[in-house]
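One structure is given below, encoded as structure tokens.
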Amino acid sequence: MSETTPAWTVVALPLVLAGLAYSAAAMDAGLRSGGGIAAPLREGVRLIVQQRRRMHAADMLLVRAGVLSLPVAAVLAAAVIPLGRTAVWDLRVGVVWFNAMEVVAWASLWLAGWGVNSAFPLVGGYRLVAQGLAYELPHMFALITAALGAGSLDFGEVAAAQHGLWFAVWMPVAFAVYLLSALAMAFWGPMGHPLADDLAGGAAAELSGPDRLVFFAGRSALLTVAAAAAVPLFLGGASGPWLPGWAWSLVKTYAVLALLVWVRGRFPVLRMDRFMAAAWLVLIPAALLQALVVGIVVLT
Amino acid sequence: MGVRTRLLRFAAGRPPVFVAAAPGGTRTRLLVESELRRRNGRTAASPAAASVLVVCGRPGAALAEAVDAVWDAMPGPRALVRLDEAASRAEVDAGIDRAVRELSDVAAQQADAAERRERGPWSPSGMDGHTAQSGGHADHSGHEHHTGLAMAGRADDRDGLKLDVLHVPLGPVLKDWPAGLVLGLTLQGDVVQAVEVDVAEGAAGGVPYWDEPWLRAAAGERVTVGEAERRRAAGHLDSAGRLLAVAGWEGAAEEARLLRDLALAGEAPAELPARFARFARRVKGSRTLRWMLGGIGRIDQGFAGRHGLTGPPARHPGDVLARLHGWLDGTGEALVRTGDPAPLRGTDGPRGPVGAMPSRAVLALLPELLGGAELAAARLTVASLDPDVEQLTETAWTAHE
């Protein structure tokens, strides 16, 4: 993990991320309305040529900051995730950085929901805060468990520590918690209450035109990043027979991404007034127990 | 053809549609929904997300004002389709086609945008469902914000905390919401503190769509039991689809609507009961749904009796989940009888005794039932009762808490 990362990867990173996020959006369109491969492009063009709505007494600085920070957070989080064996930014504490960037998305959604000066988006923001309280601790314990198993917070080393046995296999609870929180990170599917239709679209209800495009592109990118991080954390990273490392990274990322996309619309949305109890009474103890077991195995 | 036209035409291929239905427009709404499904079209959850506004039925004055506010809130390029209560399938088809053409008509869209610029931005003097925040009744000092909007007032919430009070109308134009129903909510955070019930009527009187077979039979026309039971099944499936959509279970909601349209189609296909049984098993078997719907919007026998509740919600006392199961069971029973050629007698319609306006009792109990509920739970509760405002068109009707 000591070789320097070539400069071209800085340019390639957003492109690869955009490609993956696009295919996630296309998969979603295909599964839900049969829109096909051009559906996200069509929606993108529609939103680019669309006028922005002027909202009364909206704090547009906050809204724009919220909307723009969503894709930015996704790109910054992706920077520390290795594709093959190289990450754009080979950070010793990559797992912590990834976690921090993902929390930026909370601010994004809250700012966008608060800033438009409208009741439904505001309530969408409230829901996000509750959701964060419910999923973030189990999520962090899941990340820590993987890091504990490898004795490192470096994505590359976590992946390298899984020679022979994937963490997903011997830390199933942590993996399951991670997958659930991956949905929550992107406000997706069953964890999409902050953007739910019962609030006319929640935090995003008033967004239109380019704002809407950037917001939902950023959300797709976040979902992609959440799927991509599962690969070095739990699925053995780039290791695999026959194919080169980068190809294995992509194949595994696609598999997780397809699962996350498929889940949308297959389950009712989880309301936090119900889920909160399960998160604190079941998920946190389960994640802690998992960490304990892993800790004991590592020590012996 | 210029690049701009080409781009607009590409973008207008599958426009998201916001559907606003007036009481009296149910038949048209069903046609629109089935036509959108045939086109793999999308429905939008908010005006900002939509390119096309479809108005089903003819709105009365208050509803027309709300529809105008929605139209105002839609970003251009945009198109408006008005379909009255008698619209045929071909008219629905042609209307949506015209909207798609209009969306890629550069000249028309530029004219629309120029006209909007001249009128200037929205101001708080007008009525607007989505963006207006008015002062709470706890605080009459009314500090005016520099924008001309009153700041939200504050009052003690249920835990004794001082919290902003927002007055938020739910409806009359809202996705997966009973046409014409207006709930004036007093919100603190996302908790409903008080509810005022109102209705925004349609301009066309007419026979309530879901009660139609029973009313026709009562008027002496020859209606078969089979026809009425088809309507009952479709009515319950429409309500169940709405509830599932509000619960965020898109896949199941779409299946409910598809089954509804199959039940209404002239000759229901033979596999319909089996397909419905699979659907009902899936919905009843969902642990997540049970977890999310159990225990909210609870109506016991005494409460139902006090408000004179009749029909399915009175037959299935309990929470939102119990009422959903009640609809599913009712649909299953109705689907068995869709071939019955016997003449229809009796007045037991999908929502209770037709002619007795069973939805009136639902509206009357809403303020008490929703007080203290979370907004999400309140929406689920309303969806699980699905009052039919069309039943009330005869009389102007308002309930205040």
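Here, residue 1 is simply the first one shown, and the rest follow in order.
Any Cβ shown, glycine's included, is placed from N, Cα and C.
What TrEMBL annotates here:
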- A:6-25: transmembrane segment (TRANSMEM)
- A:61-83: transmembrane segment (TRANSMEM)
- A:103-126: transmembrane segment (TRANSMEM)
- A:133-153: transmembrane segment (TRANSMEM)
- A:165-188: transmembrane segment (TRANSMEM)
- A:221-239: transmembrane segment (TRANSMEM)
- A:245-263: transmembrane segment (TRANSMEM)
- A:275-299: transmembrane segment (TRANSMEM)
Cβ pairs under 8 Å between the transmembrane segment (A:61-83) and the transmembrane segment (A:275-299), at least three:
no
Distal contacts, the transmembrane segment (A:6-25) - CB-CB under 8 A, six or more residues away:
39-40, 43, 74-75, 78-79, 83, 86, 88, 216-217, 220-221, 223-225, 227-228, 250, 253-254, 257, 260-261
If we skip the immediate neighbours and take only residues 6+ beyond the ends of the transmembrane segment (A:221-239), which ones have a Cβ under 8 Å from one of its Cβ atoms?
17-18, 20-21, 24, 70-71, 73-75, 77-78, 81-85, 95, 98, 102, 105, 143, 146, 155-156, 158-160, 162-163, 166-168, 171, 174-175, 178-179, 182-183, 185-186, 188, 245-246, 248-249, 252-253, 256-257, 260-261
